[in-house]
Amino acid sequence: MGSLKNGQNVNFSAPRPFGKRLKSDLKETFFPDDPFRQFRDERGAMHRAKKGFQYFIPILDWLPKYNLNMFKYDLLAGITITSLAIPQGISYAKLGVLPPIIGLYSSFVPPLIYAVFGSSKHLAVGTVAACSLLIAETIGGVASPEEEPTLYLHLVFTATFVTGIMQAVLGFLRLGILVDFLSHSTILGFMGGTAVIICLQQLKGIFGLTHFTSKTDVYSVLHAVFSLRKEWKWESAVVGVIFLLFLQFTRYLRNRNPKLFWVSAMAPMVTVIIGCLFAYFIKGSQHGILTVGHLSKGINPISIHFLNFDSKYLSAVVQTGLITGLVALAEGIAIGRSFAIMKNEQIDGNKEMIAFGLMNIVGSFTSCYLTTGPFSKTAVNFNAGCRTAMSNVVMAIFMALTLIFLAPVFSYTPLVALSAIIMSAMLGLIKYEEMYHLLKVDKFDFCICMAAFLGVAFLSMDVGIMLSVGLALLRALLYMARPATCKLGKIPNSSLYRDVEQYPNATRTHGIIVLQLGSPIYYANSNYIRERIFRWVRDEQGDSKDGCVEHVLLELSGVTSIDMTGIETLIEIRRSLQANGIQMGIVNPRIVVMEKMIASEFTKTIGKENIYLSVDEGVERSVCRKSLLSNVAKPTPSSKLYRSSSLPTLCQTIPSFQISDTIVPDLQHHHSRSPNQSFQIPPPFSISDFHYSAALIVVPRFAAQICYSNQNHPLSLNCHKQGHILENCPIRSVRPPGHSYKLKVSPKSGSSFIVPAATSSNITTPPSF
């Protein structure tokens, strides 16, 4: 058994019980953050129940600690984000081809729900452009918003309900891992591509067009714009350009001086107010400046009875709900985490999913469409100094007051002003610098980003995101199917072993290859791992002067799991290496891997003496064996037995074995064997019994030759008693070919033993790597 100098041994204890292993696996998969840790120290059912409610309903945790000083900051932040929520709500509702009042409704009820169940202090809830456009594209394919506006609206509510159910289920089941497949590169490309097509679609409002294409790809939008150039209204275009320049100037001021964030935050509201006054006094509709139209007073009406699950539309509704739900989750959670990190805080992704799901379920019942945490509104909320989610409550209250008293005022809002607001917001979503950074750092990540960007811009939004996710999954599969392997060398003046390519000064021991595997070994990559190890051996044999490779050590600390195919692959690798006279060792297998090795009896197959706790130990033991072999002279027919005064003990003590009666004289006389009687030789070992000991020495370079070329019989027999050499130690007997060979140590008659070998083999040609 492998052991370190300080006596630490490899743990070969019995595997953990199935229940314990299952509990550990479930915890690592679904509860990596250990959410129940806060309950362990609580005593009494009431205290635990209180902690449980605080965990699932975060407002119960922070509201009792709330004070007036916090409220001052939250009040300012809430008023500020309300000024942004009103124009954005109207704008994004128009982008989704929905009545503008629906956008205002969506900034009233959902923020209240999030304030109760959300875990982020800084996230501001509202509608987003990308999901609005995606809803218009998918639902608009089965129900025309112009010809069937009521049906279209009801299907949007239903899709929002499906989104909420999906998000809440993912949160309750702690399946946030699914959202992780929408990588940062995918979101970056998706948002950039969406920003491009949204900007182009706003040319409809800028030029005052009344008829426009429902398609979202770049070619269709540009074709529609220029095919209707005779309908362009220059008055609308001039006003739109002025508003857009004003909005971009405020963004420039904010970037130059972050303390002026409020200027940029208030700019959309200022644009709407100025636009309303302008359209009202000059009667803009008579000069080609279209307005929003009538907005009725009152808070959200109940819409639960409008949900439509007709089988004719169910497919489109479910598709819309799932895609927009995942996009909204990925965007909202990523934004929440990014701002939490700035304050050295953390948010619970699974609780965020539950909060998003509940606010969209309730929203679908109260005339709202999909909401999440938009970046622009959250950034304003953060910069305004919000302290808790109370800022969302303040926004909801002011939005309710707006709906009750001021909604008709915004009926004069020019569509060109809304288009300018949307274009200004979308230009900030095209992250050129981040895309260039991806190109420099990771070319494959850049391809994933471009797949989303170009797919959304030139095909469709759902196709673009599926292309990007498909590439990301392909990359993940490549990582799993083609895991990283490397050759290790020893860092000078240390016991550390590192990648020789990364550390060229790392030294390697002649005849010993140390290979590190860096992923789980399972059916999909086992063949690659086998071929890669054999290639390392071939390369080493070709690079070394004498072509000698005697030991291969596999460092498995990076192998987190292994299946039966992987274990069988390791057995095949060992068998092929051994047939070529190369010994294989295992270094530092993790507990899950070791348990499966023990259960499959792989540890017996390879021998516990060939499993080591560290690379340093494995190399030292291999060097010890090499040293022993180098001191053994090749026997000749005239010599009886080789003698040596120093025989290091290589392996653990072996008890007495059985012995058979068949005598094979040619083992003593070193006669060659015919191929059909040849057998493979196991690795070196030593035995001890009472005050007698003996060691069997096997020369690996000759072990394969005897099986195939009948040359150079590799057996050397050495016996010693209390430091003195015993000549003519007899080999008493050996079993016939086809049986396992045994040995015995007798304290009365001296040391008598034979070769313990594998069964005989009829192979006549050596296997190739």
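Each position is counted from 1, following the chain as shown.
Cβ coordinates come from backbone N, Cα and C, glycine included.
Because TrEMBL annotations are produced automatically, they should be read as predictions rather than curated entries.
The following features are taken from TrEMBL:
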DOMAIN    502-622  domain 'STAS'
TRANSMEM  73-91  transmembrane segment
TRANSMEM  97-117  transmembrane segment
TRANSMEM  124-145  transmembrane segment
TRANSMEM  151-175  transmembrane segment
TRANSMEM  187-212  transmembrane segment
TRANSMEM  232-253  transmembrane segment
TRANSMEM  260-282  transmembrane segment
TRANSMEM  313-334  transmembrane segment
TRANSMEM  354-372  transmembrane segment
TRANSMEM  392-410  transmembrane segment
TRANSMEM  452-474  transmembrane segment
Using a cut-off of under 8 Å between C-beta atoms, tell me which stretch among 151-175, 232-253, 354-372, 392-410, 452-474 contacts the transmembrane segment (73-91) the most. 392-410
Close approaches to the transmembrane segment (97-117) from elsewhere in its chain (Cβ under 8 angstroms; 6 or more beyond its ends): 56-59, 82, 85-86, 88-91, 123-127, 132, 136, 140, 145-146, 149, 152-153, 156, 292-293, 295-296, 299-300, 351, 354-356, 358-360, 362-363, 366-371, 389-390, 392-393, 395-396, 399-400, 402-403, 407, 410, 413
With the transmembrane segment (452-474) as the reference, find which of 124-145, 151-175, 232-253, 260-282, 392-410 contributes the most Cβ pairs under 8 Å. 124-145
Could you give the residue numbers and ranges of same-chain residues that sit at least 6 residues beyond the transmembrane segment (313-334) on either side and whose C-beta is under 8 angstroms from one of its C-beta atoms? 123, 128, 130-131, 134-135, 138-139, 141-143, 155, 158-167, 170, 176, 178-179, 182, 184, 187, 190-191, 347, 349, 352-353, 356, 360, 370-375, 462, 465
Between the transmembrane segment (354-372) and the transmembrane segment (151-175), do 3 or more CB pairs sit under 8 angstroms, pairs being 6 or more residues apart? yes
If you count CB pairs under 8 A between the transmembrane segment (354-372) and each of 124-145, 232-253, 260-282, 392-410, the winner is 124-145
Same chain, outside the transmembrane segment (260-282) by at least 6, Cβ under 8 Å from its Cβ: which residues? 80-81, 83-84, 86-88, 90, 239, 243, 246-247, 250-251, 253-254, 289, 291, 379-380, 383-384, 409-410, 412-414, 416-418, 420-421, 424
Go through the chain and flag residues at least 6 beyond the ends of the transmembrane segment (232-253) whose CB is under 8 A from any CB in it; none is fine as an answer. 205-209, 260, 263-264, 267-268, 271, 275, 278, 287-290, 414, 416-417, 419-421, 423-424, 427-428
Residue distribution over DSSP helix, strand and coil in the domain 'STAS' (502-622): 59 helix, 21 strand, 41 coil
